[in-house]
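Report on the following structure.
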Amino acid sequence: MGRNRTPQYLDNIQIIDAGAKGKSIAKTNDGQVILVSYGVPGDTVELLLTKKRRHFREGIITKVYNPSKDRILPKCEHFGTCGGCKWQQMDYQKQLFYKQKEVATNLKRIGKVEPPSRPIIGSEAPFHYRNKMEFSFSNNRWLSKQELMSKVQITQRNALGFHVSGMWDKVLDIENCHLHTSLSNDILKAVKTFTLEHKMSFFDYKNKCGLLRNLMIRTNTKDQAMVLIQFHDDDKEKREKLLTHLQDRFPNIHSLLYAINRKNNDSIYDLDIEVFAGKDFILEYLNGYKFKINAKSFFQTNTKQAGVLYKTIADFASLSGEETLYDLYSGTGSIAISLAKQGKKIIGIETVKEAVTNARENADINNIDNVSFLLGDVKNMLSQSLVETSPPDIIITDPPREGIHKDVVKRCLEILPKKIVYVSCNAATQARDIQLLLGAYSLEKSQAVDMFPHTHHIENIALLSKK
């Protein structure tokens, strides 16, 4: 039989800093470190200690005695339960301060280099910036503490929203999300209202049954949408009833898609996507170029800040028109295409087949003929024959969160381009890779760009020049 532990509270504790993954940091008088959710540096709080780790404790705030001058009222009614925004209670300028600090700290501690940082570029629109959102259907709606303590019988347990952190089978019902567009919000509400009114079954995560499973909405800067609904049950009559309703209700939906998914996960990359109405893609417009985006495409989720990001990459590359570039982990080709008119030749390398197909299509629709895209694992594609035929003057790399594979770092040190422009969404792995390159390169510039306001995520661009 387990022991009943007495809850342990700490009184008048000050939050002193922001930490990793959106947590804040507190310290006890004896130096014990506590990671706290939803704290703001400068807060004086009461903490309930929860998990005990080897080098720190975790805690949750039960009272705020004296709020930080940087604490603000969150805009979202779901804040604190929905895990999407960790920092919405913090003044936006202070969010930028701590994001810049994270980049600098990682470069110093992990990269062993003094960061030549420029001031972080914040977002002019810190709300309604996401062009893609995914929502889960569930028949096991997360219930608030007030609902659980009330004596009112709860009969409506369906939810369309986000999974609650640490509770894979429970979904927080979302009425309104302030990160995506008003069109996306309207589509979300229409789907939920129609499916509830017509008593369509929401997915049961424990028993693996139900009609409706997942909703993905993409929007572009022209206020057009792509909607993809995953159905678990292959019920043609109900499926077409819902999709026809959306088609009639929203003329802005230019791509209306569906998929039957009977797997154990919601990933779409191995699913057959069917077109119900419109096309299998929408177009996005960025820095004078247009990009074809389908359901499986990777594209920066903050279009406006992506434009800032790509202009900064171009500034760091500082092309004369005579250079050959490699774009490693090139995705759908947005970086390569954005630089095409400034360089002589660009070769993109990408491991995802659909992304390479998209990249080639994007080059075609922009009438670009000096860019080519190769399919294959980056660590295997930097062959001697490729380098001898088209030696790169500059390598641009935008790897996944785990960073550049060690074999790719090794190959870069053999190829020795004049410049490496390293774009990263993970400051720690970027700093690790930069440290490995410092024997042959100097870190010349570093520029953080906030692509994800109200979250702890940060994008950073580093320019490395050959010594």
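Glycine too: its Cβ is placed from the backbone N, Cα and C atoms.
Per TrEMBL, S-adenosyl-L-methionine is bound by Gln300, Tyr329, Glu350; the candidate from Asp235, Asp248, Asp398, Asp407 named for the same site is Asp398. In sequence order, Ile349, Glu350, Thr351, Val378, Thr397, Asp398, Pro399, Pro400 make up the list of same-chain residues 6 or more apart from Tyr329 (S-adenosyl-L-methionine binding site) whose Cβ falls under 8 Å from its Cβ. When the alpha carbons of Gln300 (S-adenosyl-L-methionine binding site) and Cys425 (active site) are compared, the span between them is 11 angstrom. Cβ neighbours within 10 Å of Cys425 (active site), excluding its own Cβ and spanning all shown chains: 17.
Residue counts of the domain 'TRAM' (1-63) by helix, strand and coil are 3 helix, 35 strand, 25 coil (DSSP-based).
Residue density at Gln300 (S-adenosyl-L-methionine binding site): 24 other Cβ atoms are found within 10 A of its Cβ, drawing on all protein chains shown. Across the binding-site residues listed here (Glu350, Asp398), the residue whose Cβ sits among the most other Cβ atoms within 10 Å is Glu350.
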